[in-house]
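Worksheet: one structure, shown below.
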Amino acid sequence: MRVNEKYSTLPAEDRSVHIINICAIEDIGYLPSEGTLLNSLSVDPDAECKHGLYFRDGRRKVDYILVYHPKRPSGSRTLARRVQHSDAAPAARGARQDQPLPGKGSVGAVGSPEPPMDYHEDDKRFRREEYEGNLLEAGLELERDEDTKIHGVGFVKIHAPWNVLCREAEFLKLKMPTKKLYHINETRGLLKKINSVLQKITDPIQPKVAEHRPQTTKRLSYPFSREKQHLFDLSDKDSFFDSKTRSTIVYEILKRTTCTKAKYSMGQGEGRKKDSALLSKRRKCSKYGITSLLANGVYSAAYPLHDGDYEGENVDFNDRKLLYQEWASYGVFYKYQPIDLVRKYFGEKIGLYFAWLGVYTQMLIPASVVGIIVFLYGCATVDDNIPSMEMCDQRHNITMCPLCDKTCSYWKMSSACATARASHLFDNPATVFFSVFMALWAATFMEHWKRKQMRLRYHWDLTGFEEEEEAVKDHPRAEYEARVLEKSLRKESKSKEKRRHIPEESTNKWKQRVKTAMAGVKLTDKVKLTWRDRFPAYFTNLVSIVFMIAVTFAIVLGVIIYRISTAAALAMNSSPSVRSNIRVTVTATAVIINLVVIILLDEVYGCIARWLTKIEVPKTEKSFEERLIFKAFLLKFVNSYTPIFYVAFFKGRFVGRPGDYVYIFRSFRMEECAPGGCLMELCIQLSIIMLGKQLIQNNLFEIGIPKMKKFIRYLRLRRQSPSDHDEYVKRKQRYEVDYTLEPFAGLTPEYMEMIIQFGFVTLFVASFPLAPLFALLNNIIEIRLDAKKFITELRRPVAVRAKDIGIWYNILRGVGKLAVIINAFVISFTSDFIPRLVYLYMYSENGTMHGFVNHTLSSFNVSDFQNGTAPNDPLDLGYEVQICRYKDYREPPWSEHKYDISKDFWAVLAARLAFVIVFQNLVMFMSDFVDWVIPDIPKDISQQVHKEKVLMVELFMREEQGKQQLLDTWMEKDRQQDEPCNNHGPKACLDSPEYPGGAL
């Protein structure tokens, strides 16, 4: 690397710190003199660099941190600690010379013994030195610190000077606020009064954050350009680019800076030549910036710094502390989120997630209110429900057929009275209304979010982000480029083998070598990964996903067998109380087993989905994220909802009839629904799984696992720390504290748990109207829990710009459409809503529901039991049973076609299918109508965007007019100066004092 620099050896106590301040391009900006830089090293670091937020000079802010594990170089070589900086004299910038980076070894003492070399560690060290040298050439400034309180860990602090920030902001087309201010159009008349009243009412629940206050003016934003710096307010250059923007710019440089040069020589010998070839090939395949260097262990971590501490009396006030007080505290659960401040600190992508979560939580409030009303309606009408009253009336004396073979005996329908009454709480006419309401709620929620999203895009200056995103998303991933390079190397080696066996003419050898070299240079540009290259990965994906789904089905089948066998075992118990609560016991224990399995498989499926996506080697980060989300959602969707689907649509459908039951493995008889239907059991299953997942997986795991990892990391670091306790307890630098935090793993887990919850709220809401209420209570805690995790438990993530929530919106729309279909089938086939309507309008003699229970039961002659299936104790009820009843629509035993399906069954089935078709199409039409009525872009936002474009055109027109006027003025002056020359001759012009050149 060619630099213009001086060297000065540091004293022994400062030899672990390296300052690199280098001029890579001509307009590097401020460069401190040698005296200033060396003096800054002698100042107390804790006082001057604000505990690691600044370089040792106390002026340059740390924008990014690279972490590595330093090890002494091979042999007895020692590192010469040096300070490099540019000469302050401008004339000295022309001459540049090659100098080694700090950290490179110098020649040791002559004759000293050299121990065996650690080629792997030396390769990492050389790659770090080369990479950091390339960062210097990109204009960044670095400072290394190995004298830390964390044993065996070194830090490289990175600072982006002003000129680099300007250059990268122009490359990235970052929109920055200009000096131009304009007034935002305010509502007038009645709307203005309503808004003012709402602001006064909601003022107590507004966060005390400046960014959250309503703004009447806004600065016009424009993509930053170095040629148009006069448009921007650069009075305070230190705060023009905030910490989030600075870290984003540095991360973009880290991603595209490569380390490709082969600096390492393995020595002589065949074995070392082979190792050298392997190292060289690996180095070529790992030349793609910080992501590959992190993957290969060259650096152990890379992250931007938090703004400071978030708690403590002597802590300087910063955005992190403000967010902790007004956002991440459980005491402010009732307040709105300071979304603009979240976006300012974490970036647009994380800001959009919390904005979406806030809108979703707000929309759950009306859904919860309606759900409570529906539930209360069921409670109020339970005593007026005629079918449940008939089931509880012991005077009817209805004897039911056994629930299992041999061990189970006959039982009275009145024993299921409690289940029948509880079923009415969720299976009543209001449930149908609530299902329609929730379908429209889902459509309204999606439209409301689209409008909110457009408002955020306007306020966050992302209205012109589409074109930029299209250009960025095609940037290849490092793993993809590595696979392409490996493929090109294989092709190149095959072509060499072919040429080796083909005789070449001596006259064309030189020409052939030139062609080979040119072909090697352009090889990677032509090679791409085709479907043939990815076919093994695609096949592995298909087989693995099918296998995982089959595992889920097998586990559900195992739980079904457990339910059947446990019910048969409990039926043999001599205690009447145990036998009377068989259904509740079996259902509760089976649901708990399902819950535990779902939680465990969710973690396993998340890891499998990531591995399956990696072996596909997607080309871009966007493609990688979308494929990962799709696989994880598919597996977790099947895992979470398969037990619920079984109870809703399969349990009790394929049991057969007494005397001809259906068996699993010829041993286990399929279980039946209760006389009141399976809806109550579906409600229990849904509520336990939903609440259990939210309580255990979403809350306890999110709190417990990060704290446990942090504690383990603390113990590990303390074990590695120096024995001197006073030195250990000395206050750590900011980058050391952040290193002990948990790395940010992305937003996929956060979105996933909310999407699964959205499915619980919408898919089976007909069976559990209280689902929105429990989701609302969970989300109130979830928002503050996630906020606390981001502020206190995680390293600061790199800010990522985004204009929407991506593929998650399409998943939400898909779940909303699927919810309409599923609720139609739940109401039609799982509940008794349709059979009641059919009986009321076709079979009722007096237009009431009296006789409905008897209508839904068929008769069976106990003499028709198969051998070995009749009850062992037929007199358990105290009398001999001749006819028992079972729930189905079949001909009686005295009929000519006994036990065949009756006409009533087909009438009910036709009504059920007709209801599904009508309900689905009607609700879909109403949802599409809501989508059409509500515009995606609010009218005021579209007006403001149009106004911004007009103001921008006017601004540039005035600028061009000013330039034209200035040019006209100069031309007029030149014309006035030329007139005396034309009228009085050249001599008068030359003698004129106004002539700029004077006399010749």
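Each residue's number is its place along the chain shown, starting with 1.
Here the Cβ of each residue, glycine as well, is placed from N, Cα and C on the backbone.
Those TrEMBL annotations? Automatic predictions, nothing curated.
Taken from TrEMBL, the feature domain 'Anoctamin dimerisation' applies to 54-339.
If you look up TrEMBL, you'll see 75-121 (among others) marked as region 'Disordered'.
The domain 'Anoctamin transmembrane' annotation in TrEMBL covers 342-947.
Taken from TrEMBL, the feature transmembrane segment applies to 353-377 (among others).
Non-local neighbours of the transmembrane segment (430-449) in the same chain are 356, 359-360, 363, 366-367, 370-371, 373-374, 377-378, 761-762, 765-767, 769, 772, 809, 812-813, 816, 819-820, 823-824, 826-827, 831, 833, 919, 922-923, 926-928, 930-931, 934, 936; each lies 6+ residues outside the stretch with a CB under 8 Å from one of its CB atoms. Here TrEMBL flags 430-449 (among others) as transmembrane segment.
Annotated transmembrane segment per TrEMBL: 538-564 (among others), in sequence order. Residues 404, 531, 586-587, 590, 593-594, 597, 601, 605, 608, 612, 615-616, 631, 634-635, 638-639, 642-643, 646, 664, 668-671 of the same chain, all 6+ positions outside the transmembrane segment (538-564), place their C-beta atoms under 8 angstroms from a C-beta of that stretch.
The annotation transmembrane segment is assigned in TrEMBL to 584-608 (among others).
Under the heading transmembrane segment, TrEMBL lists 628-649 (among others).
Sequence-distant contacts of the transmembrane segment (754-781), counting only residues of its own chain at least 6 positions beyond either end whose CB sits under 8 Å from a CB of the stretch, comprise 330, 333, 357, 360-361, 364-365, 367-368, 370-372, 374-375, 426, 431-432, 434-435, 438-439, 442, 633, 636-637, 640-641, 644, 648, 679, 682-683, 686-687, 689-691, 693-694, 698-699, 808, 811-812, 815-816, 818-819, 822-823, 826-827, 830-831. If you look up TrEMBL, you'll see 754-781 (among others) marked as transmembrane segment.
Taken from TrEMBL, the feature region 'Disordered' applies to 974-1000 (among others).
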What mean pLDDT does the predicted model reach across the domain 'Anoctamin dimerisation' (54-339)?
-> 73
